[in-house]
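Record features, source TrEMBL:
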- 1-32: region 'Disordered' (REGION)
- 33-65: repeat 'ANK' (REPEAT)
- 66-98: repeat 'ANK' (REPEAT)
- 99-131: repeat 'ANK' (REPEAT)
- 167-199: repeat 'ANK' (REPEAT)
- 297-329: repeat 'ANK' (REPEAT)
- 330-362: repeat 'ANK' (REPEAT)
- 363-395: repeat 'ANK' (REPEAT)
- 396-418: repeat 'ANK' (REPEAT)
- 495-527: repeat 'ANK' (REPEAT)
- 528-563: repeat 'ANK' (REPEAT)
- 739-937: domain 'B30.2/SPRY' (DOMAIN)
Amino acid sequence: MSSTTNRDAEGPKDSSSANWLDRGTPAEISGDSNKRPLHFACANGLYDIAKILLENGANPMAVTDDGLSSLHLTAASGNFQLVEMLMNTVYDLDISDYKGRRPIHLAAKGGHEAIMSEFLFMGANSESSANDKTTLLHYACEGGSDVAVKELLESGMGGSVFAKNDHEQTPLHIASKTGHHNIVAMLIRAKAECSAVDKDGNTPLDLANNDAVIHELLGVTLESLDQKTIMELTQRAVRYGYHKVLEILLEKTEVDLTFLDDRQMSLLDLAAENGHSTIIEQLLASYNFRPEQNENNKRTPISYAAENGHNAIIEMLINKEWGVNISDVDGRSPISFAAEQGHESTIELLLEFNADVDKAAEDGATPLWYAAKKGHSKIFNLLLRHGANPNVVGILGRTCLHVAARYGYIEIAKALLNCETFNTGDNQDEDSATAMYTAAAYGQAEIVTEMLGKGLDKEKQGPDNHRPLHAAHNSLSAIRALLRSKPDLDAKTASDETALAMALRGRNEDVVEELLENGANPFLSDAKGDTSLHIAARDGAIRPLRLILQQLEKGFNINSMNNNQETAISLAVDTGNLGAVQLISEQDNVDVLTKDSSNHTTLWKAVKKGDVDILKIILKSAQKISNFQIGDAEESAQDLLSHPLERDNVKIFELLWKFTNLNNSLEDYCTKRATEGHSWLAKLLLDKGANSEGVDIHGWTLSWIASLGLSEDEKKLREDEYSHLPTSDLKSPSAWSDVDNEADIHFVDSGDATARLHVRYQPDDGSSDTEIRSRFSRIQERRRRRLYDRRKSGVRANHPMLPHKLSYFEITIINQAQSDLSGSKIIAVGFGRKNCQLNNLPGLYSLTWGYHSDDGEVYGLGDRLHGSRQFGAGDTIGCGVNLRSGTAFFTKNGARQGIKEVVYPVVVFKGATEIKANFTGEAEPFIYDLNLEKNKG
């Protein structure tokens, strides 16, 4: 709506402008920044539309988000008639915006003296200032209306000439800064203080930015100026061409005409650089400037004038007998600066006065070289016509052709190649690169073509034995240009790479196809033993890989290995490139069962990668070997099956299982792993005829484990199979595991009658121990490792919690240190899967649950479950799990606080701590009444 309002507000000034109001559109509708139609009309001086809006109820006192009223906007726009109309409708002429500015301030700032006078006549407050203490006189000086300032000064209104704003600037500062010299003169006559200093230490003279203003101020302040100020004014006058100011300074002060600025430039240099001929005449008339006097820089005024193309000044200085061939400290003459900056007429002028066309700088660069570097082809040809040497060698040993090749300056390249005296086309720069190598590296195909046409060497070796074809591996156009000259496609670099291999590594598939189609050999190996086939397989470059595989008929071995004994399919599996794996596997005799230098087969890598589709392809390749079984691979079946078990990757395991012969050792291994909660594994074992009634260390049978993964409905359907499952003699947790603990834990036998086990954590820094005491069988073991600030250490029980009934254990915190090395202490009691992390807090990652001491929160599956209470030394924490009902709970000192997974009791702590565990409740009763939970189960 705001855009419509704006468009209509700026429309024709006739009765048709009211049509939209006649259709019922409200006059007070607001848009961006709370601007209303009347605001837009007033800001744009649209009297007729503003009148219509007012007649239709527009509020003249409404303000925008910046506090601007319609009267503010009208005063700023300068429409006197509209201001008069608004003055008759508003009741407050001194309404302020959010900066404290009145409408009269904006009229003065805009230089609208008639509107300002009207406000004064109507009684507006002339003495008020804005929030930053800017007075009406400040604003009038900024607006630049001589009439407005004169009226305020003569009437004494608008504030004092001595008034300062928040930046401590007087009206004279403002007038000087904005360049209103007539106002400056009026203020000076009104006794304004010319020496007043603002917050930055600037006087009005310091802020003056034109000749007339400085002239006015000098008339008052000249006698009080110190030498530093005199030289600052002199530099300003010279830089900006204030010749009247310079005339006063030269005549009435002691200007140091030998002065050099921070760039070691003299006043004459400064004037020449900025092209002020009158200033130069004044300076030359006042002092006998000579080039040899500027010893620190040795650049002459002609040099600065040439760099900026000020021909008139050059002629003036030459007529004053200044030479055109004087070099600076770097050996550069005026003509080299003119050539670099592209001033053709300046070059011609200097040549008329016998400028040295081949004068070289310290780095060897001549004017011709600088013209080439910047691509100034006209100047380049002009200099050649005047006898410039085309074979000059400049910065970093680069010729003009190197420079043209780098930046693609085709006209300069052609000029050189067609020059009869040019003979450095095959020169190498300090990096051993030729111009052709450079052009190829930067994809300058047209220049490459020109060079080849002139017979330049396309096989000359450059950096690391790279040739132009190698350099062009990123540019299809440059490659095509070179291919037309029949280069050596299989030439190798110092690292034995071909251009094809480099293009593959750079993923430039179009270049790869071009090289292959022109006969590049993809089966040459580099220093690492990688062929293009290996590279394409590793990077998954499908298009080039197809082309390479089509050339296998030439007799190349698909199972060729690099220096790490990796085949192409092994590399493709390693990087997970399914398309590459599929393409390679379709070839004959692909070997996926031979080990590489890291002692792993391609099959093992596919299993570890965990990609089902890739593993299917690899197994299919393995099947091509008659009667293939997992045990036939060089890794054992156990090695291969352990990966998916660790990661619960059932699909990968099942794929391998189809090719697995179950022997006694493998059955024992898989049965043990099944008891960790892999009910699906138990089913697979039973399907292969494993012993269903064998009892493991937990007292579990395979049939029992398999039943854990069945739903109640499935159990009913298979009642005969699972009707005699054991419901007793299943072992509960009874001790901390001597192997399932984080390595910062220390086991020490206490030796007392109850055979309590201590789990000790002892940092190397000598801080207090952590002890976890539990009523278990005796275990002795010591381990040490340096602890880091944020390290956490945990221990797991020796048996899972029972899956068919309520399991419960309690942990008593005997003592707890004040803090660890990181300044915090945490104990987390809970439960989790067999493979849960013992160096992280349970509850903060998948398939773990935990009650944390520091915040009293219970966490599960990485999320907070519910608020609880903090705990520490002296507290007993209980943890119960009822997998039949899928519930878990925690207790604290006998009060309840608060899954169908096989889970283990877990404790992880951070900071020195001592605890005691009670798993059975037999030797010592639980604090919590467990019957309350058993009734729920």
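In case you wondered, yes, glycine gets a Cβ from its N, Cα and C as well.
Sequence-distant contacts of the repeat 'ANK' (330-362) (same chain, six or more residues past either end, CB-CB distance under 8 Å): 300, 302-303, 305-309, 311, 314-315, 318, 324, 368, 370-371, 373-374, 376, 378-379, 382-383, 386-389, 392. Model confidence over the repeat 'ANK' (528-563) is summarised by a mean pLDDT of 91. Within the chain, the repeat 'ANK' (363-395) has long-range Cβ neighbours (under 8 A, six or more residues past its boundaries) at 330-331, 333, 335-336, 338-342, 344, 347-348, 351, 357, 403-404, 407, 409, 411-412, 415-416, 419, 421-424, 427. Secondary structure counts, DSSP: the repeat 'ANK' (99-131) has 16 helix, 0 strand, 17 coil. Secondary structure by DSSP for the repeat 'ANK' (363-395): 18 helix, 1 strand, 14 coil.
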